[in-house]
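Asks: Quick one: structure below, then a few questions.
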Amino acid sequence: MTNVTGTERVKRGMAEMQKGGVIMDVINAEQAKIAEEAGAVAIMALERVPADIRAAGGVSRMADPTIVEEVMGAVSIPVMAKCRIGHLVEARVLESLGVDYIDESEVLTPADEVYHLNKRDYTVPFVCGCRDIGEAARRIAEGASMLRTKGEPGTGNIVEAVRHMRQVNAEIRQVASLREDELMTYAKNTGAPYEVLLEIKRLGRLPVVNFAAGGVATPADAALMMQLGADGVFVGSGIFKSENPAKFARAIVEATTHYEDYELIASLSKGLGNAMKGIEISTLLPEQRMQERGW
């Protein structure tokens, strides 16, 4: 049987449709409905949010297909699901379920320590994490249709997402300023495919959308990432590990849309209750840092 793949233009266009919005992690139909009612543009179906994955330890895998199908049946907005890095079969299973996007995610335990998926072989568009332009360009070359900062998932700490967004944007500006003869050396030094760097130089930006993810816990966090140039926001544990998930969800959506309206953000932040409990990044051991997964 011949695989039918979606064209790059179509898949990137699907990702562009989520621009300016919030994508929320959910673990059941009830949470999915809360996210949809709050104004999420899409949801990520999981067995456990990143904070619980971090706390549980062990090996984290693709969600039970029953959960994915339950969530898909509960909402009308697009549904994403995560597969392990390099896990060909998990990705094919999710594609067969009819999910709208697959996240080849460092939040799950990698299945392959050498190869990421060839995402061009799939009809469904893929989302991938990145910390710098080298990682971003490699994922794009593999066929990713959407990027997100890795941040440090499940911590409720925005500092790593900020670092990664600033790093990528600074390197985009650097690439745009280079002559084409200088670009080959830059490609060699960063491990970024030359053809992708040429496209970035021509456009003056990444050729796919880049969302913020990994540590967004408050409306102000979401607005901050939008001001730093994010095309939208993923919220993993920040919604359903907060004291009032429905209120936090609505507030984060509003703050993402109106990220320069400080009076509104102040109003949205009043009386929300406690945000999720955060983790100081310096307390994490190297093997606990999910952002280090992927290559």
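The backbone N, Cα and C atoms fix where each Cβ goes, and this holds for glycine too.
Found this in Swiss-Prot, in case it helps:
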- LYS82: active site, schiff-base intermediate with D-ribose 5-phosphate (ACT_SITE)
- ASP25, GLY154, GLY215, GLY236, SER237: D-ribose 5-phosphate binding site (BINDING)
- ARG166: D-glyceraldehyde 3-phosphate binding site (BINDING)
Asks: Roughly how many angstrom lie between the C-alpha atoms of SER237 (D-ribose 5-phosphate binding site) and the residue listed as 'active site, schiff-base intermediate with D-ribose 5-phosphate'?
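Replies: Cα-Cα distance, SER237 (D-ribose 5-phosphate binding site) to the residue listed as 'active site, schiff-base intermediate with D-ribose 5-phosphate': 15 Å.
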Asks: Just name the winner among LYS82, ARG166 (the recorded positions) by count of other CB atoms within 10 A of its CB.
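Replies: Compared across LYS82, ARG166, the most Cβ atoms within 10 Å surround LYS82.
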Asks: Need the DSSP three-state call for the residue listed as 'active site, schiff-base intermediate with D-ribose 5-phosphate' to compare against my parser.
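Replies: Strand, per DSSP.
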Asks: Taking only same-chain residues 6+ apart in sequence, whose CB is under 8 Å from that of GLY236 (D-ribose 5-phosphate binding site), what do you get?
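Replies: The answer is ASP25, MET44, VAL49, PRO50, ALA51, VAL107, PRO153, GLY154, ALA213, GLY214, VAL216.
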Asks: GLY154, GLY215: which of these binding-site residues has the highest Cβ count within 10 Å of its own Cβ?
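Replies: Selected residue: GLY215.
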Asks: Take the Cβ of SER237 (D-ribose 5-phosphate binding site) and count every other Cβ within 10 Å, whichever protein chain it belongs to.
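Replies: Taking all protein chains shown, SER237 (D-ribose 5-phosphate binding site) has 25 Cβ neighbours within 10 Å.
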Asks: Can you name every residue in this chain, apart from ASP25, GLY154, GLY215, GLY236, SER237, with its Cβ inside 8 Å of the center of the Cβ atoms of the recorded D-ribose 5-phosphate site?
Replies: VAL49, PRO50, ALA51, PRO153, THR155, GLY156, GLY214, VAL216, VAL235, GLY238, LYS241, MET276
Asks: Please state whether DSSP places ASP25 (D-ribose 5-phosphate binding site) in a helix, a strand or coil.
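Replies: Looking at the DSSP assignment, ASP25 (D-ribose 5-phosphate binding site) belongs to a strand.
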Asks: Mind computing the max CA-CA distance among ASP25, GLY154, GLY215, GLY236, SER237, which the record assigns to D-ribose 5-phosphate binding, rounded to whole Å?
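Replies: Taking every pair of listed residues, the largest Cα separation comes to 13 Å.
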Asks: LYS82 (active site, schiff-base intermediate with D-ribose 5-phosphate) to GLY215 (D-ribose 5-phosphate binding site): how many Å between their Cα atoms?
Replies: 18
Asks: State the Cα to Cα distance, in Å, between ARG166 (D-glyceraldehyde 3-phosphate binding site) and GLY215 (D-ribose 5-phosphate binding site), rounded to an integer.
Replies: 15
